[in-house]
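What follows is one structure encoded as structure tokens, with my remarks underneath.
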Amino acid sequence: GFGCPLDQMQCHRHCQTITGRSGGYCSGPLKLTCTCYR
């Protein structure tokens with residue numbers, strides 16, 4: 001979701017809109033999941 005697996009920057013920008021999150025990346029077996037980090 002949120003751009004994954006093809007557009008990791010979309011995932012990153014999505015996570016930046018979440019309070020307390022500094023970014024995100026695609027994770028999981030096929031990079032299908034957008035994972036946010038602090």
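Cβ atoms here come from the backbone N, Cα and C positions, even for glycine.
Cβ environment of CYS26 (disulfide bond): GLY3, CYS4, PRO5, GLN8, CYS11, LEU32, THR33, CYS34, THR35 lie under 8 Å away, each six or more residues apart in the same chain. Here Swiss-Prot flags CYS4-CYS26 (among others) as disulfide bond, drawing on similarity to another entry.
In this view, CYS11 (disulfide bond) is surrounded by 24 other Cβ atoms within 10 Å of its Cβ, with every protein chain counted. The disulfide bond annotation in Swiss-Prot covers CYS11-CYS34 (among others).
Around CYS15 (disulfide bond), the C-beta neighbours below 8 angstroms that are at least 6 residues distant in the chain are ARG21, SER22, GLY23, GLY24, CYS34, CYS36, TYR37. Taken from Swiss-Prot, the feature disulfide bond applies to CYS15-CYS36 (among others), supported by similarity to another entry.
The disulfide-bonded residues considered are CYS4, CYS34, CYS36; of these, CYS36 has the fewest other C-beta atoms within 10 angstroms of its C-beta.
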